[in-house]
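Data block below; observations after.
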Amino acid sequence: MAITKGEDVYASLLLNDAYLPGALVLAHSLRDSGTHKKLAILITPENISNEVVEQLQTVYDYVIPVETIQNDRPANLFLMNRPDLHSAFTKINLWKQTQFRKIVYIDADVVAYRAPDELFDLPHAFSAAPDIGWPDLFNTGVMVLSPNMGDYYAMLAMAERGISFDGADQGLLNMHFRNTYNRLSFTYNVTPSAHYQYIPAYKHFQSSINLLHFIGSEKPWVQGRTQTTGSSTYDEMIGRWWAVYDRHYRGNSNKTTDVVQKFVKGEQQQQQQQQQRNVSFQLPSSQSHKTQSHQTQSQNTHSTYTSHGASWDASRHSPPAGSKPEAANFPQTHYTMSSNTQQFVPPARYPSPPKDMWYKVPEAAPTQKPAPIFPWEKQAPEPTRVFPEPPPEQGKLSAASTATPSAVASATASPTLEPKSEAVTPTTPASANPWTSFTTRGNAWDDVPEINRYVDALQKHRRSGSKGSAAATSRPTSPGRAQSRSRKSSRVTDFPTEDDRPSLPVTPAPIQGPRSSRGENERQFPAAAGVPAQSEWNPAVQLEKLAIHQQETLQKLGERPAFGGLAIGTAGKEIPARALPFGSEDARSPTYVTQYPSVLSPKPLRANTTGTNSVRRILTIDEEGGDVPLTTTEKKTPSPLPTQPSVTTAPPSYQGPGVAFEKGEDFPTHETPALPTEEERDVLET
């Protein structure tokens, strides 16, 4: 339908297929109220199916596709427990519909008690009703607006930056129209709650209610018809929604009703039961005995399908309130490995194919192999799989068992004959477990001569050493044992026999590398030039030379005159001292190191028992009250500095404890005598 420039419309928004029942009930409630205004709905084509669009076109005058605007910062949506509102910013596309003069926007979860056509006469640019959760804010479920691109671009910039205190459209619009919106009466956007209702106010203003808004995630079509069956105020409001739905979609068996009932909980199940009931009533009595079995089968099929239709759809709804954990329905089938160790024996004849197949079965097996397709099929190796021989018959087995004693007797009568490699029929019965005969002493590559030669080359030096040691401690052995030992043991999987393997110690010895014998492949490398032989190398002498060389090097590098320039290298070149340019007297090089005069440490004095040493003289002078000289003339200390005047130090005035006590500690002024020892007690007591 062509849009008339400057007309007024009721508009709604559909973001997914799940809100189809709400959008249709809203349109029908406005039509039933007698409005003559056009109805428009904004949809996001990427989230709406074609069958849903067809249903909207039967009720709405304009179906307008718009672009989805999502919130990339949905943290505040989780605070409200409404992550489904991540695309609520799409609502700002209403201001982009400048082909309309005035738009009365109504959410798809609203049912109209009456059509509020008087809202189109408001002179304000934007009007909205207060929110029940915070009345200082307005609710964006019902709005009256005048489309303009200025507000659209301003709110689009806020949406792109995620500016919204609740993460949804209501926070964004309240921040944009904070001081410029016109406040509507609460009767234009009554938001009931199942937990709280101001019942006296509802009874008083019940006759003036215009629009009823079901906020939250639990919509009437999501809860189902049987969820609210009481007589409370909230149940009465939900009943108004179901009244409009039943007036247009209940009891009709057409394609439109089937599409709508698919999104309403419990309605598809009731529709199937009603169809089944109608078919059973219309069935002629003459044909009842012919189709009795068919009815039983169809009833079972319908019951299974009904339970599936009434089940919870996780892609559209939240889990039911009284649902049980889904883990109880997990399959409990357990598979175990077969414990049968018997080899597979193919049957003598396979069953014949059925005769009533649509394709023709070949009468004989094909004699020619199919042509190869892949390259590896042309050069495929010969199969090496060995199939078990059929078990011997009972008669042959008994004959072999009777012949066993004679074979044993003949073998005992000729002890000088060497045993043959062919096995004789065993005298002991076979074990019940066939895996006992399995051996791992041989591999397929043990008989390849190239591998044997390669292993012999690697172990040649070991065998030569072992042969030499064996020759030194050889002793006479039997011919059979000598023949068995002369065999080359190049097989990797062979394990030495009891005679070949030595007695192992309790503590394992470390593994040593291979050593070559003196007479075989021994090679001496020439000595390097300038490197002494090992016998001529003395570590102590070399360390002493290194210490002397280091001392000489340090003395050469440390030569420095007392005054004048600095010595550089071993040549002793001096840098002449010269004055710095004017203004650069205080400048210092980054690598300059401050030179301090040498400080002489006090030298220890040798003990002197005659009482004439310097220490005793200092103490004597101190007692007499004289000055204590810092330096004496008895010991002359060489000093590179110029002669300085003698410095005297006054005696200390502190008379407290010595250095053994810390500051703040007390020192004893008197002593307490100790108790007598046991020996002294014995003397005193006697």
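Even glycines carry a Cβ here, placed using N, Cα and C.
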| message | For the candidates Tyr105, Tyr113, Tyr198, Tyr245, I need the one that Swiss-Prot annotates as O-linked glycosylation site. | response | Tyr198
| request: Have a look through His28, His36, His204, His213 and flag the one Swiss-Prot assigns to the Mn(2+) site that Asp107, Asp109 belong to. | output: His213
| query | Among Arg31, Arg82, Arg101, Arg240, which residue does Swiss-Prot name as a further UDP binder in the site formed by Leu13, Asn16, Tyr19, Asp107, Ala108, Asp109, His213, Gly216, Lys219? | reply | Arg82
| request: For the set Tyr10, Tyr196, Tyr202, Tyr454, say which residue Swiss-Prot annotates with O-linked glycosylation site. | output: Tyr196
| query | According to DSSP, how is the compositional bias 'Acidic residues' (677-686) divided among helix, strand and coil residues? | reply | 8 helix, 0 strand, 2 coil
| request: Based on Cα distances to Lys219 (UDP-alpha-D-glucose binding site), point out the closest of the recorded positions Asp107, Asp109, Tyr198, His213. | output: Asp109
| Taking every protein chain shown into account, which of the binding-site residues Lys91, His213, Lys219 has the largest tally of Cβ atoms within 10 Å of its Cβ? | Lys91
| query | C-alpha of Leu13 (UDP-alpha-D-glucose binding site) to C-alpha of Asp107 (Mn(2+) binding site): distance in Å? | reply | 7
| task | List, in sequence order, those recorded positions among Tyr19, Asn139, Asp166, Gln170, Tyr198 whose Cα sits within 10 Å of the Cα of Asp109 (Mn(2+) binding site). | result | Tyr19
| message | Helix, strand or coil for Asp166 (UDP-alpha-D-glucose binding site)? Use DSSP. | response | coil
| query | Hey, how far is Gln170 (UDP-alpha-D-glucose binding site) from Asp107 (Mn(2+) binding site), Cα to Cα, in Å? | reply | 12
| message | Restricting to the region 'Not required for catalytic activity' (307-686), what is the model's mean pLDDT? | response | 64
| request: Work through the binding-site residues one by one (Asp107, Asp109, Asp166) and point out the residue whose CB has the fewest other CB atoms within 10 angstroms. | output: Asp166
